[in-house]
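Student: Pasting the feature list from Swiss-Prot:
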- 39-59: transmembrane segment (TRANSMEM)
- 87-107: transmembrane segment (TRANSMEM)
- 113-133: transmembrane segment (TRANSMEM)
- 145-165: transmembrane segment (TRANSMEM)
- 188-208: transmembrane segment (TRANSMEM)
- 220-240: transmembrane segment (TRANSMEM)
- 251-271: transmembrane segment (TRANSMEM)
Amino acid sequence: MDLLHAALLGLIQGATEVLPISSSGHLILIPRLLGWPDSGLTFDVALHFGTFLAIFVYFRKDVVSLVQDGLTGFFQPEAPRRLRLPWMIVLASIPAAIAGKTLEQPIEELFRSSPLMIALMLILFGLGLGLTDRYGKKLHDVASITLGTAMLVGCFQCLALVPGVSRSGITITAGLLLGLARTDAARFSFLLSLPIVFGAALLKGLHLLKHGIEPGMAMPMLVGVAVSAVVGYISVAFLLKFVQSRTLWPFVWYRVAAGIGVMALLGVGLLS
């Protein structure tokens, strides 16, 4: 893999992992359209680690506070909800962790060979995001999240295994559906992603330690990590600022247009 190829994949991952437009869908469709070879497990680890770094660094103060609150709340059974939030995030990550461990490979294999299904997921779940953004009550903030709300958002996160759904998209949709304000739904989505993205990178990293890094992949990995981390950080900052004063419908229209575009390419034989 050359460095330009690595940088482009890092750019795609950094933007689409964070924005509600589906990283897995883009990372399947774009290389397929351009005739790029499979990037392999080594590079996949690099991309996931890069986006984890982006989210972790952006929310570093929140992470420190969550750890402190979690340790305090653990020893206080009647602790305020704010002190229980870290444990809610951990518990809400369990459904997606189990689903990812058992279903990720068969789901990805199924959808990797079906651009049409990815296109349909882009459109369907994009419209779901738009409808919840328009009609959601938007009454609650992150501090008011209950365990039930957190677990429901965590269960919705399992759907992100399907390429075209989008992890951030489905968790923001769930948050809006359950009454979170738009900014708080996005913030909780990112906090909830940290255990999952870190866990995915860790498991694949352990696999690499066991089997070794492919020859010639060290520099492309570094480039992929750097680009996905920088672009991911910028994308987090952009999205959180964007949702303070704007709706999520621009992302909905993008998803619908992308889905229709994929169908058109399939129809004329430029994508198969």
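Including glycine, each Cβ sits where the backbone N, Cα and C put it.
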Student: Are there 3 or more C-beta pairs under 8 Å linking the transmembrane segment (145-165) with the transmembrane segment (87-107), counting only pairs at least 6 apart in sequence?
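Tutor: Contact between the transmembrane segment (145-165) and the transmembrane segment (87-107): present, because at least 3 Cβ pairs are under 8 Å.
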Student: Suppose I define contact as three or more CB-CB distances under 8 A, residues 6 or more apart in sequence; do the transmembrane segment (39-59) and the transmembrane segment (251-271) meet it?
Tutor: no
Student: Among 145-165, 188-208, 251-271, which stretch has the most Cβ pairs under 8 Å to the transmembrane segment (113-133)?
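Tutor: Answer is 251-271, with the largest number of Cβ pairs below 8 Å.
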Student: Go through the chain and flag residues at least 6 beyond the ends of the transmembrane segment (145-165) whose CB is under 8 A from any CB in it; none is fine as an answer.
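Tutor: Same-chain contacts beyond the flanks: 22, 24-25, 28, 81, 84-85, 88-89, 91-96, 99-100, 103-104, 107-108, 111-112, 117-122, 125, 171, 173-175, 178-180, 188-189, 192, 196, 259.
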